[in-house]
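Everything below concerns the one structure shown next.
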Amino acid sequence: MTTIQQQRTSLLKGWPQFCEWVTSTNNRIYVGWFGVLMIPCLLAAAACFIVAFIAAPPVDIDGIREPVAGSFLYGNNIISGAVVPSSNAIGLHFYPIWEAATVDEWLYNGGPYQLVIFHFLIGISAYMGRQWELSYRLGMRPWICVAYSAPVSAAFAVFLVYPFGQGSFSDGMPLGISGTFNFMFVFQAEHNILMHPFHMAGVAGMFGGSLFSAMHGSLVTSSLIRETTETESQNYGYKFGQEEETYNIVAAHGYFGRLIFQYASFNNSRSLHFFLAVFPVVCVWLTSMGICTMAFNLNGFNFNQSVVDANGKIVPTWGDVLNRANLGMEVMHERNAHNFPLDLAAAESTTVALTAPAIG
């Protein structure tokens, strides 16, 4: 009994030091308990992604024995290459390497894709938790991790929720540049995402956030308090940790209030920076919600053949032009996996060309 107790004591002797090191804010890079989960997951995802991008064999993404190559060694470049999503034959089944009969089978069915996205999603979730943890240790407010939840929600939407709704991980976003574009085209063709209000909010958040960031940066830079001569860099006029304001917010407020109108300009630095944070974050949240609803085929607005004249004849609109583009993309994607596109098979026949009204 004494021997067993001594062995346990020796094994646990370094545990307090390990705990102190993990939670110490004096480390050059904070680890944290979430970091203990984050680091191995992100390393595994990055390692598998790099190896698969370079050397993975073609993947039978559609489940029809027509493999699609995505790696460098099979003729792709940095633009066309991707980690190809797992096969439609696998569907939503969890497909770790031990579920396959051989490694060749695992590679052929796109096993690396699931390995990468699952470790990646766990890793970025742990990174978000680590942001909260470090804020807590330093006595800061927790809004940094709340802001980071916006891109995390987007990643979960395209890598997890959308495949769940569509019934297969083969519908997830490929891990590559051209693959991402293909995902976007197919998403538009099948769900009309450009006509979804939540996607519109996301566009407003991205472009609006960029605009507000540029406006704020240029206003601050233009109203710096002079601390240097003409021959010195203006950056030398600021010392890290100084108590004095480095720019004149009254001047910036006065300029912008006169450029637009008074109440378009913030007179409170705290409310200004809160707005700069919350606007793009909420808009990206809305976009993620839109992806999640369209995953279950609650799609964007449909204005096909919505305008008719007094005789009941259809007057083509831009809604019909957009519908033609969607149909064109839909008939061309996964060409050999379908006998006929679902949208064309389930609806009335659509004219191939928009006809001009007869004159006279």
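Placement of Cβ uses the backbone N, Cα and C atoms for every residue, glycine included.
Panel annotation: around the transmembrane segment (30-47), residues 21-24, 115-117, 119-120, 122-124, 126-127, 129-130, 132-134, 137 of the same chain, lying at least six beyond its termini, place a Cβ under 8 Å from a Cβ of the stretch. Annotated transmembrane segment per Swiss-Prot: 30-47 (among others), in sequence order.
What Swiss-Prot records for 119-134 (among others) is transmembrane segment, and it gives sequence analysis as the kind of evidence.
Residues or ranges marked as chlorophyll a ChlzD1 binding site by Swiss-Prot: His119. Around the Cβ of His119 (chlorophyll a ChlzD1 binding site), 20 further Cβ atoms fall within 10 Å across all displayed protein chains.
Proximity of Tyr127 (pheophytin a binding site) to non-local residues of its own chain (separation of 6 or more, Cβ distance below 8 Å) is seen for Phe34, Met38, Leu42, Tyr148, given in sequence order. What Swiss-Prot lists as pheophytin a binding site is Tyr127, and the listing cites sequence analysis.
Here Swiss-Prot flags 143-157 (among others) as transmembrane segment.
Within 10 Å of the Cβ of Tyr162 (site 'Tyrosine radical intermediate') there are 22 other Cβ atoms, across all protein chains. Look at Swiss-Prot and you will find Tyr162 tagged as site 'Tyrosine radical intermediate'.
Other Cβ atoms within 10 Å of the Cβ of Asp171 ([CaMn4O5] cluster binding site), summed over all protein chains shown, number 22. Annotated [CaMn4O5] cluster binding site per Swiss-Prot: Asp171, Glu190, His333, Glu334, Asp343, Ala345, in sequence order, evidence recorded as sequence analysis.
Reduced to three states, the DSSP call for His191 (site 'Stabilizes free radical intermediate') is helix. Summarising the annotation, Swiss-Prot assigns site 'Stabilizes free radical intermediate' to His191.
With a cut-off of 8 Å between Cβ atoms, the residues of this chain six or more beyond the transmembrane segment (198-219) that come close are 252, 255-256, 272, 275-276, 279-284, 286-287, 289-290, 293, 300. Swiss-Prot lists 198-219 (among others) with the feature transmembrane segment, giving sequence analysis as the kind of evidence.
What Swiss-Prot records for His216, Ser265, Phe266 is quinone binding site. Here the Cβ of His216 (quinone binding site) has 17 other Cβ atoms within 10 Å, regardless of which shown protein chain they belong to. In three-state terms derived from DSSP, His216 (quinone binding site) belongs to a helical segment.
Here the transmembrane segment (275-289) has long-range neighbours at 143, 146-147, 149-151, 153-154, 156-157, 198-199, 201-202, 204-206, 208-209, 212-213, 216, 266, meaning same-chain residues at least 6 beyond its ends whose C-beta is under 8 angstroms from one of its own. The transmembrane segment feature in Swiss-Prot is assigned to 275-289 (among others).
Secondary structure at Tyr162 (site 'Tyrosine radical intermediate'), taken from DSSP and collapsed to helix, strand or coil, is helix. Those same-chain residues not listed among His216, Ser265, Phe266 yet with C-beta within 8 angstroms of the centroid of the quinone site C-beta atoms are Met215, Leu219, Ala252, His253, Phe256, Leu272. Cα of Glu334 ([CaMn4O5] cluster binding site) to Cα of His119 (chlorophyll a ChlzD1 binding site): a distance of 28 Å. Taking the Cα atom of each, Phe266 (quinone binding site) and His191 (site 'Stabilizes free radical intermediate') are about 39 angstrom apart. By the criterion of other Cβ atoms within 10 Å of the residue's own Cβ, the least surrounded of the recorded positions Glu190, His191, His333 is His333. Note: the Cα of Glu190 ([CaMn4O5] cluster binding site) and the Cα of Tyr162 (site 'Tyrosine radical intermediate') are spaced 12 Å from each other.
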